[in-house]
């Protein structure tokens, strides 16, 4: 269908205005989707005496709309001017993509349209006459006696929560339409070649149909009738070469700027568009007439359309609705400040984006940062890598290196199984518990607590006020977790094991290296750690210079007993005894504590194999430590057995109930037998008296136990055969312990043992064995 020219359409509109049934357009009767328009105001152009015509293209669909004979539904010419004014107003207010909405309904016709982007403008030979006619029509509107005090503008409906006041805002993804065979008013025959490049691009809005926008008339602003094209399908075709012929400004200046500046690839491009507007504005003469003003708006739209088309062609973006901003005389002057402000803002954002892109291209790392440069991030990565990738195999490959060192123990190969750097221990008081311990996060992301003194609560429950008003058990349960006995013992065990590991590292370093000072500093550090661990165990020492030799209570070794209750605690004591230097005061103090609690430690053998092995290893460690003691330390340990409040389990070796106590006592007596010979040769020593007193008490304790055990066996085996009684006595009597004691007995003690078993033959044999051992002992001593 052929398109009507502008003169025929104008005559048709004038004829429609003579209809006697036509009425003026009342904007107050329309609401959009239930939104009240009472709070809106009617606005217009700033200059009363200047008329800014608004011209635009019209798509074929809109011409089809008039060719179908629906022109009668448009109303009078006054209504048409009213609609044109509203159209210009809506295009000036709406800045974002909107959903389609019905704008008006007049008589037999109802027209609506969606928001569209900036359209191209053309001029022809009839432009001057068209503007004159529109000026006369505006004067006729101004002469009508109608009040517009309560008139309100019609705003397009939108699902957006807010309206943005920016006017010169264009979408970065325009839609490219194929070229049309016709221009807007006037007809194509009179098209000017200077204005024709603007026809290369038309950006439609959301697809959905051709619509018109209507507006209430205003006495202060009159605009020309404006129709804009609307796309009906995905018209994305076009050739990039046709945009190169739009002029030197676009082909030579705009295109390299879009290609080289990465900041405009993201976000708003209103700053760049505004710069083009300013360049066009500076090239125009002063706006003294309507024609010069129209030419300004015309060139602005050409630049916008061409720039948007070039961007879409270069980057093949998806179609999205653009924003249409018709520029009049007052609009260019009104929004110049806002556009410049946004342009400066967008230039800053573009610069930041360009910096981030340059960092990524230079370093090659796939990361972006807002507050840090790539050099700073690289330095942090290097520090993290150095912390998480240590070159010390003792730390990274400990178990494999330990296996290799164990295999090469018998060979002459040099072992490198020692740490490259020792830990630096900070002095800390045992009672100074941190309320908020620091949580250390290593380079691998593992969270390591300094200790288990403050374990995280699995569940925090606030008890009711009446809960603590009950019995004393409820009150006791409200104490802190660290105050629980076993929890405190576990905390001490973990801390002590950490200290022992550091001591082992020092020993390996001294064994495999040769320090300049001969290892004096490391040995001193090792001694300090051992003393600190002995202090943490809170062991009582009656023979110390500041200690009390009498008056010990059961609470003196409470920490030691709680640690020894747990199998891990007994392992700790075993390892500690192995690391102690034999014959030192610390070794004596620990061994005295063990001898004071022989029944607690070796009273029973647990059913668990690992726990039983732990007890056996502890007895062996004590035996090794005792073998290096002097007579004073041996006397102190034997006195600890005598002064204990618990009777030691004096069982025979190999007893199913456990023979740990007998093993350590036999080792002590044997070591004392080796040491006591020297004082007799040297004729006098002060420690001999201490040992003599300690042994006498121990012998009385041993004989009482043997007498009690003998009576118990006889009572259980009354009427039994002699061989049965003899087997029971051998199974229960500590013959090995009695034999080890004969070397330290005097004449009275030996006579007691001789008279001990004269009644039955089995006891006589036991006594004779004791006498024979005593004789052999005396013959050895000489």
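Each residue, glycine too, has its Cβ placed from N, Cα and C.
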Notebook entry, point to check: Quick one: which of 438-459, 460-481, 482-503, 504-525 does Swiss-Prot have down as region 'Disordered'?
Noted result: 460-481
Check: Which stretch does Swiss-Prot mark as region 'Disordered', out of 96-153, 270-327?
Finding: 96-153
Notebook entry, point to check: Which one of these stretches, 45-85, 332-372, 373-413, shows up in Swiss-Prot as region 'Disordered'?
Noted result: 332-372
